[in-house]
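According to TrEMBL, the protein carries these features:
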DOMAIN    26-183  domain 'RETREG1-3/ARL6IP-like N-terminal reticulon-homology'
TRANSMEM  42-62  transmembrane segment
TRANSMEM  68-88  transmembrane segment
TRANSMEM  136-153  transmembrane segment
TRANSMEM  159-180  transmembrane segment
Amino acid sequence: MAEGDNRSTNLLAAETAGLEEQLQGWGEVMLMADKVLRWERAWFPPAIMGVVSLVFLIIYYLDPSVLSGVSCFVMFLCLADYLVPILAPRIFGSNKWTTEQQQRFHEICSNLVKTRRRAVGWWKRLFTLKEEKPKMYFMTMIISLAAVAWVGQQVHNLLLTYLIVTFLLLLPGLNQHGIISKYIGMAKREINKLLKQKEKKNE
C-alpha cells in the first residue's frame, strides 16, 4: 500500500514538473489569472462578469457562423500561445520572480494535473460501468443526454453558453470564499429537517 502511494506521489510530482516546464512562459499570466479567479480583491467578481458579458454581447452582435466562431477562437489561442511567452516577461518582469510566486505556480500546476487525473478517472469509470453494467450505462447516458437536449431546446444556445462560462469562471472564487460549502451545508440541514419531520409523521 505504501509503495503504491509513493509511486502515485512520484508520478504526480513528475507530471507536475513536466507541466511546469511546458507552461513556464505562461507563469506570470497564470499567477495573475489565479488572483482574479480567487477574488483577491472585491472588484474582481464584477470585473469577470463584465468582461464575459462584453465578449458575449460582441458575439451576439456579430452573430458569426459556427465555423467562423471556431476559427476565430482557435486563431486567438494560436496568437496567445505565440505572443504571451514573448510579451509576459517584458510586461510583468520575470526577473522579479519570487519564491512565493514559484510555490504558487507549482500549486496551480499540481491542481491542474489533479483535475486532469480526476477527469480521466471519471472517463475510465464510465467505460467500466459500460463493461460491467451495460443496461445501467445506456439508461444513464440516454436519460442524461435527453435532459441536456431538452435544456438546450428550452434555452438559447448563446445564453446557455454564457451562463456556463460565467459559472465556471466564478467557481474558483466561490470555493475559495466558502460560498458553495455554505449553501451546500444549508441545503443538507434543510433536507435533514424534512427527513426528521417525515419520520415524526410516520411515528
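Each Cβ is built from the backbone N, Cα and C atoms, and glycine gets one as well.
On the 0 to 100 pLDDT scale, the model's mean across the domain 'RETREG1-3/ARL6IP-like N-terminal reticulon-homology' (26-183) is 88. Each of 68-88, 136-153, 159-180 was scored by its Cβ pairs under 8 Å to the transmembrane segment (42-62), and the highest score goes to 159-180.
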